[in-house]
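J.: As annotated by TrEMBL, domain 'G-protein coupled receptors family 1 profile' applies to 43-293. The annotation transmembrane segment is assigned in TrEMBL to 27-50, 62-89, 101-122, 142-165, 202-227, 239-262, 274-295.
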């Protein structure tokens, strides 16, 4: 009876405690995360303004970049408000259904970002390995279909996770040792058999992240082979230069993604370290992406400078 008394049947609310072991420092930890969110929002909003305005950027790579920027804004909006409310205002309570909604949006947007990175790698492969057919292959209709497939894949597969959690009724706790509703953090609260939930989580992770990473690696392997076959050194350097931003974004996303994914399931990482790194994984790439692509692209740099100079001139 004691175990039953300590269980919760169909809980309506959950408690997010933030970063276990570091609750006394959460107020101050919130400020760097808030700064990262501001950089992410500002940078991605600027991209979403500049790319539609500048006709020279109406190319597949920059269309994908605009979609990536919109995804990054959504990811920040899904995680930051509640996380900062926990850190600054001790707003720990959250409706269970709202928690599942946050879980869905965070993981779905992560999976969409992975799909967009795969699409960008495919674009670079066509641009370097078959440049004469680049525009005929990646037509606007093909780009639209690719983005629809990326979105549907994420929605359908990630949608299984909250649906399977809803079939669980008995929980041994309603306290989530995390700063947001992460899938395994919620599943581990259940006092029932969660084998199906764990298996589905692994299936979704490998089906999306694993599949995308493998094909991105194949794309860049073929790209490097094609570049190394070029006779002129300048042509090789120019081709490599077009890929450096993509490679940096690809590495930062997947290294942090797989560390967070495996440490929560199989690792012995200290909870506070895991939560800090998993939150960093969600918020730092959206802040770095517009910086990396903006620094590498002369047209974007010029447009940003014009915007800020015009604003500065109007104030004077």
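Any Cβ shown, glycine's included, is placed from N, Cα and C.
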J.: Which of 27-50, 101-122, 202-227 shares the most C-beta pairs under 8 angstroms with the transmembrane segment (62-89)?
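T.: Answer is 27-50, with the largest number of Cβ pairs below 8 Å.
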J.: Could you give the residue numbers and ranges of same-chain residues that sit at least 6 residues beyond the transmembrane segment (239-262) on either side and whose C-beta is under 8 angstroms from one of its C-beta atoms?
T.: 110, 113-114, 117, 120-121, 124, 127-128, 205, 209, 213, 216, 220, 223, 226-227, 230, 274, 277-278, 280-281, 284-285, 288-289, 292-293, 296
J.: Calculate the per-residue pLDDT averaged over the domain 'G-protein coupled receptors family 1 profile' (43-293) and state the result as an integer.
T.: 90
